[in-house]
C-alpha cells in the first residue's frame with residue numbers, strides 16, 4: 001500500500017481524536033496515556049479497508065481505462081486525501097479561533113526586527129562552560145526566524161546542519177518569547193534532528209508522545225524506536241505502531257510511576273551519532289508554548305571498534321547502554337534487525353560504546369532506573385546516589401571538618417513532591433558528594449531531627465502563572481497539590497518564584513544550580529548547637545577526606561534533565577551502610593557538569609536569579625485544582 005496513504009491514515013485517526021479537545025486547556029498529568037491499543041486496531045482496520053477499496057479501483061481501471069486525471073480523481077485514495085486536506089483546513093481554522101492571531105502564520109514565529117548576535121552556552125572539551133557569540137553566519141543558512149517554526153505538525157521545515165562536537169546546552173525556542181530577553185541562542189526540534197533525509201535510524205524517548213506529530217519530522221522509510229509510558233499494568237511490551245516504527249515500554253512495579261526520560265540517539269547516514277538529553281516531551285505544546293532545555297553532542301564514528309570491556313560500567317556510554325536495557329530497547333532493536341532493517345548502524349546495545357568516539361563528552365550522565373536496588377554495585381548507578389558519584393568524580397565533594405563547603409541548591413521544576421526533612425537532607429547529602437554509607441550509619445532518629453538544609457525550591461507562584469503570556473490555561477503542565485502545600489510540615493519557607501530569563505513564559509525545564517560556600521556540615525552544626533554528638537567519620541570502605549582532591553576553582557555544578565525535585569524521581573535510601581537499598585519510582589535521565597564562576601551559573605540558569613522568595617501569607621504556588629478557569633475548559 002502507498003506509504004503516503006498509510007501516513008495520512010495514521011495522522012487522520014490521531015487528529016480525529018484530538019479535534020474534540022483542541023480548544024481545551026492543555027493538561028498533562030502522570031496518569032495520562034495515549035490509547036495506543038485502540039489506535040492500532042483502528043489503524044489496521046482502516047488500512048485493510050483502504051487496501052480493499054484500492055484493489056477494487058485498480059481492477060476497475062484495468063477494464064475501464066480512463067484519462068489519468070479522471071482516474072486519479074475517482075479513486076478512494078484521492079477522495080480520502082481530499083477529505084484529509086479539508087480536515088487540515090478546518091483544523092487551522094480552529095487554531096485561529098483558539099490562539100487568535102498567533103495561528104494566522106500556521107504556528108510560525110514572527111521574525112524579530114533584526115538579527116542579533118546571541119550568546120550560546122557550550123560545554124567545552126575540558127568540561128568548562130563557555131559563551132560563544134553566534135552571528136548570523138553561524139546560524140543555519142536558509143533558516144531565519146521568519147522561515148522556521150518553533151514546532152509545527154505540518155511540513156516541518158528542514159534546516160541546514162550545525163555540528164556540536166564539544167556539546168551544546170540551549171533553551172528551546174518559544175513562540176511567546178522571541179527574541180528572548182536574555183539573548184540566548186535556542187534550539188528548535190528541526191535543528192535538534194537535522195535534515196530528515198540524513199537520518200538512518202533513531203531511538204527517541206518521552207513521557208508524553210504525540211506519534212502523529214513527531215512522525216512528520218522523519219522520513220517515512222526511517223526506522224524509529226519510541227520509548228514511551230507503559231499502560232496501567234506496568235508490563236514491558238513492544239509493538240509496531242506505524243511502518244518502520246516500533247514502540248517499546250519498560251517495566252513499572254504495580255504500574256506505579258513514569259517512564260519520564262526524554263532523550264534521543266540520532267544516527268546519521270554519514271556515520272555520525274548525535275546524543276540528545278532534553279526536558280521536553282515529544283508533543284507540539286512542549287516545543288511551542290512552554291520553555292524547555294536541550295543538551296546535545298555529536299560523536300564521530302571510530303575508525304575501528306573498541307574491544308568489549310566488561311569492566312567499563314561508569315562512563316557516559318556504559319551508563320547510556322544500561323539505560324537502553326532498562327527501558328526495554330533491546331527487544332525492540334532485535335525486532336527491527338530480524339525483520340525489515342538488518343543493517344541498522346546499531347546492531348547490539350554494546351555497539352554504542354564500541355563504535356563511536358565518546359572522548360570529548362565531559363558531562364556526567366545521571367539516570368534514575370525505576371525499581372528496588374540493593375547493594376552498592378546497583379545503588380551507585382542510579383538516582384541521587386549516582387548524582388553523588390558524579391559530583392565526586394568531578395572533584396566537587398564539599399569535604400568535611402573545618403574546610404567543609406556547604407551547597408546552596410536552587411532546584412527549578414514543574415512538579416512538586418511530598419517532602420520530609422529527612423528526604424531533603426538525604427538528597428542534599430548526596431548533592432554534596434558525601435558518603436551515602438555515612439548517612440545510613442547515622443541513627444534514623446538523628447536524621448529525622450535535622451532542620452531544612454539550604455535548598456531553594458523554584459516553582460511558579462499563582463501570580464506568575466496568571467501574568468504569563470498564556471495565563472492560567474498555560475499552567476497545565478505544572479503540578480502542586482493543595483494537600484501538599486497545606487500539610488503542617490511542608491517546607492513552604494523553601495519556595496521561590498520561577499520566572500524565565502527568556503520572557504513571560506512558563507518553564508517545563510528541570511534544572512539544579514548548586515553553588516557552595518564555606519560552612520560546617522549539617523551533622524556537625526547540629527551536634528554543636530546541641531552541645532553533644534560526634535562529627536561523622538568516613539567509613540572504612542570510603543577513602544579518607546585527604547585522599548579526595550577538593551577543587552577550589554569551580555563554584556559548584558549544574559544539572560539539566562528530566563528529574564523533578566521529588567523522591568519519586570531521585571529515589572529514597574534505606575537499609576544500612578553494609579547493605580543499602582534505593583527505591584526509585586520513575587525512569588529519569590539528565591546530565592551534570594561543573595560551574596566555574598558566577599557568570600557560568602547565570603549563563604546556564606533558565607530562571608532569573610536570585611529567585612524571589614515567596615512572601616508568607618501572600619504568595620501561593622500555582623495549583624491546577626484550585627483554578628476555576630482551568631476546570632471550566634477541561
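Glycine is no exception: its Cβ is also placed from the backbone N, Cα and C atoms.
TrEMBL entries are annotated by machine, without manual review.
Database features, via TrEMBL:
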- 14-37: region 'Disordered' (REGION)
- 14-29: compositional bias 'Low complexity' (COMPBIAS)
- 50-120: region 'Disordered' (REGION)
- 50-80: compositional bias 'Polar residues' (COMPBIAS)
- 85-107: compositional bias 'Basic and acidic residues' (COMPBIAS)
- 133-153: region 'Disordered' (REGION)
- 260: active site, nucleophile (ACT_SITE)
- 262, 510: substrate binding site (BINDING)
- 508: active site, proton donor/acceptor (ACT_SITE)
- 524-547: region 'Disordered' (REGION)
- 538-547: compositional bias 'Acidic residues' (COMPBIAS)
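Counting only the Cα atoms, the space from residue 260 (active site, nucleophile) to residue 508 (active site, proton donor/acceptor) is about 13 angstrom.
Its Cβ taken as reference, residue 510 (substrate binding site) is surrounded by 26 other Cβ atoms within 10 Å in the chains shown. Across the structure, residue 508 (active site, proton donor/acceptor) and residue 262 (substrate binding site) place their CA atoms 12 angstrom apart. In the structure as shown, the Cβ atom of residue 262 (substrate binding site) sits within 10 Å of 28 other Cβ atoms.
Cβ neighbours within 10 Å of residue 260 (active site, nucleophile), excluding its own Cβ and spanning all shown chains: 27.
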